[in-house]
Amino acid sequence: MEGESKGLIVGISLGLVIGVVLAISALFCFRYHRKKSQIVNSGSRRSATIPIRENGADSCNIMSDSTIGPDSPVKSSKNGRSVWLEGFSKRSNVISASGILEYSYRDLQKATCNFTTLIGQGAFGPVYKAQMSTGEIVAVKVLATDSKQGEKEFQTEVMLLGRLHHRNLVNLIGYCAEKGQHMLIYVYMSKGSLASHLYSEKHEPLSWDLRVYIALDVARGLEYLHDGAVPPVIHRDIKSSNILLDQSMRARVADFGLSREEMVDKHAANIRGTFGYLDPEYISTRTFTKKSDVYGFGVLLFELIAGRNPQQGLMELVELAAMNAEEKVGWEEIVDSRLDGRYDLQEVNEVAAFAYKCISRAPRKRPNMRDIVQVLTRVIKVRHCRKRQKNSPSPSPRLPPPPPIVEESEGELTANGSLRSEIHRRDNSLDSSIAEDVIL
């Protein structure tokens, strides 16, 4: 009996020793294979192509296979994979279904001269001017790889702009999701942003007439998003730097990274947008609606009127002017001094009064974008009629028939010399196209 007990104890002890040895061996093998896998991943990352910001005549022809360093835009997560590539493969098929063309990293690297043609810096990354192999000039936005929302915003822009087409929206041509980089390729807007024309001394001040035209263009773009798109889309970040101007000074709404379809997640945990343009109702309720875009558009209207940035006390001036608006002198006090008195005061008062409705604290009191388009259209039509009447001679039976009227020169239509022909062209075609909203 005693011998059997000793044998049992020896057997159990031997089993435990063997179990411990096997466990240690398994752990050692696991750590060995994991370390080997990390070395392989590290080697593959080192072969990634990165931009060389090199100046010189031959910089467009230089390609780099350099090792990724701390200054590279390619960031890696703790597990060794590129942050941008985490989960992207699961959605790549969805993006392809949008119909937007996919470009290779190497083609964009060459088109931007190794990313040396910087033309702007947005909230989500740098923007480069690029000349494609076809000769087409485009804008390439490289989304910042250290942005936690970057990939989500990339997905949003591709999916939305893949189905949204309107002459007052910036057209997305293609995208690139390769080598840890996410890039968006847009139609190149040669005149830059509205903000640059309002605040940069490099540009002549925009005439009042052109400012109203720009406001109408933006309103039409937003009207399409709210009422023409299916399902409707809320932009959520209307501001002067997100309004781009083409060669003919037609305004287009850009940057849809924060946009959402109206049917999806109206409630947001975090406040997103730009200070100065944010709807107070959205700030308090965390819920964004079409009327949130209307509020942002109202701020943009006052920005066009006053030539002042909302982050530099614009709305405080607006509230002070509104107190005196009943005496018909309030709104004149905030008009951009760069206009040098070249504006119709009655028109300014009408636009400003309507802009004030757009920023009402109560969303239900704000107009919708369709109402805004109609009001701005009427303002321009009335202006057009006034100009025609001003150019027409007063009938007088006592005088001989007046000589033929000489058409007013384009130079007298606006103080903006470089923009005169566009204003003249728009005025002449107003009767046939002012209410037309073509969807490309």
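Note that Cβ sites are derived from N, Cα and C of the backbone, with glycine treated the same way.
Under the heading ATP binding site, Swiss-Prot lists ILE119, GLY120, GLN121, GLY122, ALA123, PHE124, GLY125, PRO126, VAL127, LYS141, citing sequence analysis as support. Feature annotation from Swiss-Prot assigns phosphothreonine to THR274; the stated evidence is similarity to another entry. Residues or ranges marked as region 'Disordered' by Swiss-Prot: 386-427. Annotation comment: Swiss-Prot describes 394-405 as compositional bias 'Pro residues'.
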Listed in sequence order, residues with CB under 8 A of THR274 (phosphothreonine) and six or more positions away: ASP237, LYS239
Neighbouring C-beta atoms (10 Å sphere around the C-beta of GLY125 (ATP binding site)): 24
Long-range Cβ environment of GLN121 (ATP binding site), under 8 Å and at least 6 residues apart: VAL127
Protein Cβ atoms within 10 Å of VAL127 (ATP binding site), excluding its own: 18
Cβ packing number for ILE119 (ATP binding site), 10 Å threshold: 15
DSSP state at the residue listed as 'phosphothreonine', helix/strand/coil: coil
Secondary-structure category, per DSSP, in which VAL127 (ATP binding site) falls: strand
